[in-house]
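Trainee: Below you will find the structure I want to go over with you.
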Amino acid sequence: MEMLQGLLLWLLLGVAGVWASRGPLRPLCQPINATLAAEKEACPVCITFTTSICAGYCLSMKRVLPVILPPMPQRVCTYHELRFASVRLPGCPPGVDPMVSFPVALSCHCGPCRLSSTDCGGPRTQPLACDHPPLPDILFL
């Protein structure tokens with residue numbers, strides 16, 4: 001009887017572990033709110049703003065025999081639908097365009113990394129690092 005109880009406990013914990021690993025521990029690819037920074041060399045300020053970006057988990061695979069078969073392309077969380085918004089940097093000298101444009105995620109999907117439109121690297125240690133003093137946060141959603 002104890003062996004049966006142990007087996008049942010092992011099964012329940014195993015199923016719970018699988019269920020938990022697919023839940024909130026790995027959020028799927030989706031738009032999330034993020035604070036970004038914008039500045040230009042000629043303008044004296046840095047503006048932080050909140051917008052929606054694509055982030056989250058995409059299923060990836062690696063071949064067991066990479067020597068025989070070519071590598072599998074890894075999919076990343078990237079924009080499916082987007083629009084562009086702009087912020088105006090105050091205090092820019094005449095002749096310097098004060099506008100900075102950025103994408104706003106409307107929907108996301110897992111797809112190939114296109115370096116022309118996607119930052120395929122990992123998380124940044126200092127995503128809001130600016131050379132100029134920051135102004136208060138602006139919200140763009």
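Just so you know, glycine gets a Cβ as well, placed from its N, Cα and C.
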Trainee: CYS43, CYS46: which one closes the disulfide with CYS92 in Swiss-Prot?
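Mentor: Record-based pairing for CYS92: CYS43.
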Trainee: Determine, on the basis of Swiss-Prot, the cysteine among CYS58, CYS120, CYS130 paired with CYS110 in a disulphide.
Mentor: CYS58
Trainee: I want to verify the bond table. Which candidate from CYS46, CYS77 sits on the other end of the disulfide that Swiss-Prot records for CYS29?
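Mentor: When Swiss-Prot is consulted, CYS29 turns out to be bridged to CYS77.
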Trainee: When a 10 Å sphere is centred on the Cβ of CYS108 (disulfide bond), how many other Cβ atoms does it contain?
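Mentor: Neighbour count, Cβ to Cβ under the 10 Å cut-off: 23.
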Trainee: Given CYS77 (disulfide bond) and CYS92 (disulfide bond), what distance in Å do their CA atoms have, once rounded to a whole number?
Mentor: 35
Trainee: Which disulfide-bonded residues (CYS29, CYS92, CYS108, CYS130) fall within 10 Å of CYS58 (disulfide bond) by Cα distance?
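Mentor: Final answer, ordered: CYS29.
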